[in-house]
């Protein structure tokens with residue numbers, strides 16, 4: 001039975017051919033038995049931009065503020081949004097070394113979306129064998145491959 005407060009889960013995936021190079025991303029959104037898979041491609045990008053884009057796109061796909069669990073195998077994405085982003089913002093988007101934070105445009109977008117929803121971020125190791133994480137990565141690779149052939 002689907003309850004209104006049941007969270008939406010979003011599994012993210014990213015793939016690049018070269019870094020930078022062409023890249024694909026995916027987000028698998030699920031609430032109960034309902035599932036939606038969204039994917040995208042950029043001709044020149046980095047793996048980190050694809051990880052961020054997957055999370056942003058997953059959150060943008062939600063029609064209204066809701067409880068969301070976002071599961072990613074990107075440690076820098078999970079740590080960035082849960083531990084570092086407020087410090088970056090206070091430091092005018094400079095990292096602890098005093099250098100500009102990479103992908104500031106995407107981090108700012110993600111920060112706004114993250115504040116719109118009640119989010120819980122979970123990191124899973126890419127080698128954990130997590131079925132949904134593997135599916136998200138597979139969809140990201142497919143988005144990449146169908147656009148570079």
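Just so you know, glycine gets a Cβ as well, placed from its N, Cα and C.
Feature annotation from TrEMBL assigns Mg(2+) 1 binding site to 51, 73. Residues or ranges marked as Mg(2+) 2 binding site by TrEMBL: 137. According to TrEMBL, the domain 'RNase H type-1' annotation covers 4-145.
Cα spacing between residue 51 (Mg(2+) 1 binding site) and the residue listed as 'Mg(2+) 2 binding site': 10 Å, rounded to the nearest whole number. Mapped onto three states, the DSSP output places residue 73 (Mg(2+) 1 binding site) in coil. The two recorded residues residue 73 (Mg(2+) 1 binding site) and residue 137 (Mg(2+) 2 binding site) have their Cα atoms spaced 9 Å from each other. Ranking the binding-site residues 51, 137 by C-beta neighbours within 10 Å puts 51 at the top. Around residue 73 (Mg(2+) 1 binding site), a 10 Å sphere centred on its CB holds 22 further CB atoms from the protein chains shown. Along the domain 'RNase H type-1' (4-145), the predicted structure has mean pLDDT 96.
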